[in-house]
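> Have a look at the structure that comes next, please.
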There are 2 protein chains.
Amino acid sequence: MASLQNLYSSRSLQPGYGSNYNVDYVIHYQIPQTDRHEAEAAYVRLIEALVNVGLTTEVRPGDADSLLIFVKIASDKVLSDQIYRSRLGDWLHGARTVGPDQELSATLKSEPVTEAERLRLVYLLMTKPRNEGGAGITPGTGAWKHVAGLFPLHNHDFNRKLIQKMSTKYTIDDDDLDGIRNTFGENVAFYFAFTQSYFTFLVFPAAAGFSAWLLLGQFSWFYALASCLWSVVFFEFWKKKEIDLAVQWGVRGVSKIQTPRPQFEFEHEAEDPVTGEPVKVYSPFKRLQTQLLQIPFAVACILVLGTLIVTCNSLEIFINEVYNGPFKQYLAFLPTVILVVMTPTFSTVLLKFAEHLTQMENYETIDAHHAALVQKQFVLNFLTSYMALFFTAFIYIPFGNLLLPYLDFWRAAAQKIAPSDKFSTQEFVINPARISNQMFYFTVTAQVVNFLTETVLPYVKRKVLDEAKEVQAKISSSSAGPKVPDVPEEADFLARVRSEVLLPTYNVTDDYREMVIQFGYLSLFSVAWPLTACCFLINNWVELRSDAVKIAISSRRPIPWRADSIGPWLDAIGFLSWLGTLTSAGIVSLCSGKNPDGPAGARSDINAVAVLLSVFLAEHFYLVVQMAVRFVMTKLESAGLQKERKERYLMKKRLLEENLHQAVDEKAANPGIAKSDKITREALEDEARRASVRGSGGSDEMFWQRQRGIDDTVQIGRSLISKVGSS
Amino acid sequence: MASLQNLYSSRSLQPGYGSNYNVDYVIHYQIPQTDRHEAEAAYVRLIEALVNVGLTTEVRPGDADSLLIFVKIASDKVLSDQIYRSRLGDWLHGARTVGPDQELSATLKSEPVTEAERLRLVYLLMTKPRNEGGAGITPGTGAWKHVAGLFPLHNHDFNRKLIQKMSTKYTIDDDDLDGIRNTFGENVAFYFAFTQSYFTFLVFPAAAGFSAWLLLGQFSWFYALASCLWSVVFFEFWKKKEIDLAVQWGVRGVSKIQTPRPQFEFEHEAEDPVTGEPVKVYSPFKRLQTQLLQIPFAVACILVLGTLIVTCNSLEIFINEVYNGPFKQYLAFLPTVILVVMTPTFSTVLLKFAEHLTQMENYETIDAHHAALVQKQFVLNFLTSYMALFFTAFIYIPFGNLLLPYLDFWRAAAQKIAPSDKFSTQEFVINPARISNQMFYFTVTAQVVNFLTETVLPYVKRKVLDEAKEVQAKISSSSAGPKVPDVPEEADFLARVRSEVLLPTYNVTDDYREMVIQFGYLSLFSVAWPLTACCFLINNWVELRSDAVKIAISSRRPIPWRADSIGPWLDAIGFLSWLGTLTSAGIVSLCSGKNPDGPAGARSDINAVAVLLSVFLAEHFYLVVQMAVRFVMTKLESAGLQKERKERYLMKKRLLEENLHQAVDEKAANPGIAKSDKITREALEDEARRASVRGSGGSDEMFWQRQRGIDDTVQIGRSLISKVGSS
């Protein structure tokens with residue numbers, strides 16, 4: 001695999017990277033060492049299945065024990081048929097305001113096919129079940145267990161330009177986002193749009209934080225209010241922006257079109273009350289019962305991770321602030337080492353459990369399953385990320401004395417290990433600066449470590465793997481005799497594809513999680529260290545670029561899924577922004593006005609009423625601001641929604657003109673004076689005739705016959721008026 | 001006017017009440033004593049205007065100095081034309097899923113015209129501006145200043161059956177509601193639906209309150225929690241029910257179709273971005289500036305009414321609990337008398353001011369104006385209704401000692417009036433039972449008084465007025481010589497119409513306000529007297545019936561406006577339900593566990609932390625319950641929304657079948673094995689041919705030409721696999 005320098009810094013692309021030979025997808029077909037016949041039969045079935053749905057295939061050797069099957073759509077006709085069906089389906093499900101034109105060429109002209117749409121349709125064509133017109137290929141399972149992977153090839157020309165543009169600019173503009181959307185799909189584009197918006201918005205808390213830090217120090221009410229205001233505005237802004245983007249990209253409402261989850265187990269079939277189609281049903285009460293297991297699960301998470309964090313924190317406090325014996329400088333690292341080793345271990349176990357739980361909940365659709373899983377992961381991430389800070393802010397600072405038994409325990413333990421006269425202890429003093437130090441660790445140290453593990457480590461890993469593969473290939477080729485040689489003009493291209501096969505799959509959820517957890521640090525605890533936002537601002541500039549590089553170079557090209565929002569993360573941000581108001585108010589009222597280096601006794605005079613009152617007021621400040629911002633936001637009509645309304649209006653008008661032309665024409669003539677006069681006369685005569693014919697209902701008719709037409713009414717009325725006047 | 005007994009208790013209707021002679025509207029035309037010619041000219045213009053839009057008129061003498069102009073729609077053709085236009089407009093504005101059929105008869109068959117729809121259309125025909133196809137009649141203003149009123153005639157046959165049914169049943173069922181909707185329009189029907197739902201729901205707090213009162217006494221946590229839970233469930237239930245009803249009645253979304261406000265003054269005209277029509281624009285910033293005046297207005301209201309309430313309450317406390325001199329039993333009524341006299345006086349002034357303020361805010365639509373006015377009225381009502389209770393609960397009980405200066409003031413004042421030795425005073429003691437007594441007053445005494453003023457007083461007033469009119473008519477007829485006599489067969493009918501003219505207009509807003517303020521008492525303060533809900537249960541049974549009687553007999557028939565919700569009252573209920581959680585928790589934690597008859601000193605030990613904490617926890621309990629209830633509500637698919645989705649789906653399917661029949665037919669043939677095989681072959685041959693013709697892009701084509709068709713790919717793949725296997 002080419003490195004960033006080789007690939008993108010030179011003027012033109014390396015050989016083999018310039019063209020994809022119109023390949024839509026590459027199937028990585030693993031050949032087992034045993035059972036060759038079965039693999040051959042499966043291979044033939046695979047090719048047949050692909051050809052049967054309208055795809056063309058070519059096969060080339062992969063690495064030593066795999067094949068590369070190249071797939072493209074057979075003809076423009078098959079493609080346009082797929083496009084038509086897909087857009088029609090969207091319209092029927094309410095995800096498009098305007099149905100596709102009868103004339104396909106007109107449809108394609110008004111809304112050309114993007115790379116992403118083409119790739120998505122081809123992917124669906126390969127993976128949809130047979131009864132829905134697809135080839136039913138499910139990589140890695142059942143009849144397709146030899147299919148190790150199914151991925152599109154990178155458009156390196158676009159990738160190179162994108163990274164060149166991004167690395168020379170401060171922001172990602174709408175053009176770049178459209179490019180990302182057209183290449184990687186809306187799902188990835190939404191991540192970049194969100195991170196860019198978040199990055200731009202970070203300027204405000206960074207400025208507020210910097211000035212607060214300069215002028216007011218930490219724990220200032222000014223910064224707490226500014227941060228609360230900011231998080232509300234950002235949240236509401238993004239909700240609006242999200243809708244705008246979805247309309248602009250034509251994907252608003254696609255989340256309603258759900259892909260069924262193949263693993264879903266149903267109890268019985270019923271008729272859909274809306275469409276009349278048969279649907280599979282699983283009792284929601286049964287699911288609720290399973291969902292209730294989340295409560296013991298959450299309790300278990302809190303207990304496990306809480307114990308770990310309390311233990312390590314109290315040990316750390318003991319070593320740093322009480323212990324005064326030998327090896328203090330080395331022992332100080334012990335709790336951190338325990339935490340760094342144990343936290344991922346425990347979370348991995350708990351995460352496995354969360355996955356299992358989500359599977360048991362047996363969701364019908366992939367989205368519901370994904371959302372439920374993300375929710376559980378968020379709870380876990382929340383605990384691992386913020387629990388130490390919560391512990392410091394709301395247990396250590398106000399109730400530090402509660403920790404004394406723990407400290408005594410450690411003291412006793414230390415004395416058991418080493419005789420008591422070997423070390424001295426000092427008096428335990430609560431140090432409010434502790435939370436600021438922790439925040440510094442989480443915002444600076446942890447982000448740098450994260451960048452290294454996320455970007456540099458995979459790069460090194462890949463390098464090593466490449467080397468290993470080469471060595472292995474040399475060994476195997478030398479042992480197995482000459483392999484089928486590549487055609488010279490394809491050799492570069494195939495070499496590149498072989499290296500892309502080795503890359504990991506890109507998962508946008510991980511990137512979202514990182515941003516949301518970062519937002520949480522900012523919202524929940526940045527009052528303790530107001531420079532947080534400044535650090536995040538710098539971090540995110542790098543983050544956005546390194547994520548782009550990650551997708552473009554360090555991962556296989558993702559399947560370009562559609563999305564109409566950032567999904568379950570929106571709720572997470574709303575929750576963190578609300579909780580942040582409470583914690584900020586709590587931290588400020590607990591810590592402000594106190595000299596951080598002052599004596600321990602200063603902590604005991606914390607006024608519980610003041611803390612409670614400030615949290616209570618802060619929450620209502622948050623709610624009021626939210627209401628006000630929402631009100632203002634509804635007043636500013638979103639460009640996207642306006643466009644949608646206009647489309648809908650024009651569509652209806654057009655339909656009206658087309659279908660109801662005659663009917664409207666006939667009725668459009670406004671009942672003008674002459675005409676309606678005629679109507680009234682005619683009607684009256686008509687009724688008079690009818691009245692004379694039938695006997696019943698006569699009194700009703702009689703009432704209206706007394707004054708025949710307008711002239712009578714006018715005359716009689718005038719005479720009545722004149723009588724009053726003359727009296 | 002006939003009394004209830006005369007009119008409805010007899011087997012059949014009184015003469016004149018059985019039929020409306022097909023009259024749609026009655027115009028009450030006032031003849032001025034002077035300027036007869038102008039009145040005559042205006043009369044002729046009126047009749048012409050009516051006839052020109054397709055209406056038929058008849059004129060009859062009214063009372064001494066007025067005319068009755070009877071209006072009906074000229075023919076079925078004019079009516080069906082109006083119906084078609086109206087339904088088409090609804091569809092264009094998105095208030096209907098299905099557009100009206102081209103065939104009018106089909107439309108009328110699938111959705112027959114109700115009385116309410118007919119009357120609404122006729123009313124719009126008379127009052128819409130001329131450029132929109134109406135007669136442009138604006139009663140009481142400009143050219144139409146002699147038009148004193150414009151109202152439909154009651155359908156007494158329906159009214160009688162309704163009241164008979166209601167008075168023999170415990171609940172109003174859907175049939176009754178549909179009847180009300182078809183006769184009085186959705187606006188009134190929503191009021192009855194809401195009050196009925198509220199009445200039914202009241203059973204729960206009544207039961208909880210009664211058992212709490214029996215077993216736990218007042219100020220119990222159990223009742224506070226039950227009441228909070230109940231109000232959340234009721235609120236969410238109603239939001240859902242409202243949508244269901246709107247769909248069922250075919251009015252969902254009609255609130256989006258706004259009627260422009262004639263008094264609206266615009267700054268400039270602009271083009272509507274959606275429909276392209278010209279719209280009048282008034283700067284929202286200017287409006288916001290005016291709206292900001294609401295803040296000083298609210299402050300003024302609080303000051304004025306607050307001073308009044310604090311003064312009267314402290315006086316009352318002084319007289320009841322400190323003063324011990326002569327005339328104590330009479331003086332005790334003094335504060336109540338002052339309150340009863342002054343509160344309406346002040347509110348009337350403030351209400352006038354609120355109206356003026358709303359006018360200055362210059363809203364574009366009638367709905368926006370109405371909502372803004374209702375909001376201000378609600379603030380005023382909130383203050384007048386609840387301030388005394390707030391004062392008792394959150395000033396008198398916790399900070400009773402703050403009142404001592406006031407009490408001293410009154411003591412000094414009393415001593416100035418009468419020498420000090422004439423009366424004795426007793427020690428001031430805070431009495432927590434005071435709030436319960438006040439609640440008893442508001443729930444029992446006040447509701448009874450209200451019933452009397454609302455139902456009995458108008459009845460008496462009408463009786464007196466009728467007598468006066470009769471006397472007056474006798475005098476004037478004797479002085480002005482014989483009047484035009486009525487035709488004998490119409491005499492009864494005309495007498496009835498003349499009495500209906502005298503009735504006041506029905507305003508549903510007042511009835512809503514009463515219910516919402518009642519809901520507020522229940523939600524905010526019922527912990528102080530848990531029997532509140534029981535009283536309201538009884539009261540509302542009567543209320544619903546007396547409201548029906550009020551509409552049917554004591555008011556003119558209202559214009560049957562449409563509505564798709566209870567409008568701004570929904571927000572008011574949500575607000576009261578939220579605030580109720582806070583006040584209930586506050587009251588319980590302030591008063592519970594204390595002996596209400598205990599010594600005053602008991603009050604000083606109130607634990608501020610406990611009060612704050614319980615309010616804080618109660619609020620979050622409320623928020624969590626709300627989230628949970630909303631979640632459950634979204635899971636229960638509403639029948640109405642389901643119906644709507646189904647309609648939309650079927651409509652789209654039908655459109656598809658109609659318009660795209662051919663296109664779909666052609667594409668519907670699934671690409672089966674044989675066919676797509678053919679496609680692939682053809683496509684390949686095609687491409688091969690193309691590749692041989694043009695030179696450029698050859699490498700792409702070459703890649704896909706290496707394996708010609710499926711057989712090649714299969715062969716080569718198998719050979720590759722076998723090589724791996726053999727190695």
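The backbone N, Cα and C atoms fix where each Cβ goes, glycine too.
Curation plays no part in TrEMBL annotations; they are all automatic predictions.
Remember, it's a predicted structure, so these values are computed and weren't measured experimentally.
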> Quick one: sort out which of B:428-450, B:566-588 is the transmembrane segment according to TrEMBL.
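Result: B:566-588 is the stretch TrEMBL calls transmembrane segment.
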> Under 8 Å, at least three CB pairs between the transmembrane segment (B:566-588) and the transmembrane segment (B:221-238) (pairs 6 or more apart)?
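Contact between the transmembrane segment (B:221-238) and the transmembrane segment (B:566-588): present, because at least 3 Cβ pairs are under 8 Å.
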> Against which stretches of its own chain does the transmembrane segment (B:292-310) lie, if we need a Cβ under 8 Å and a gap of at least six residues from its ends?
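338-339, 342-343, 346-347, 350, 353-354, 357, 360, 376, 379-380, 383-384, 387-388, 391, 406.
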> Using a Cβ distance cut-off of under 8 Å, indicate which of B:188-215, B:221-238, B:330-351, B:378-399 has the most pairs with the transmembrane segment (B:608-625).
B:221-238
> Sequence-remote contacts (6 or more beyond its ends) of the transmembrane segment (B:221-238), Cβ cut-off under 8 Å?
194, 197-198, 201, 204-205, 208-209, 212, 522-523, 526-527, 530, 566, 570, 573-574, 576-577, 580-581, 584-585, 587-588, 592, 618, 621-622, 625-626, 629-630, 633
> Look at every Cβ pair spanning the transmembrane segment (B:188-215) and the transmembrane segment (B:378-399), keep those 6 or more apart in sequence, and say whether at least 3 of them are under 8 Å.
no
> Within the domain 'Anoctamin alpha-beta plait' (B:22-147), how many residues are helix, strand or coil going by DSSP?
60 helix, 22 strand, 44 coil
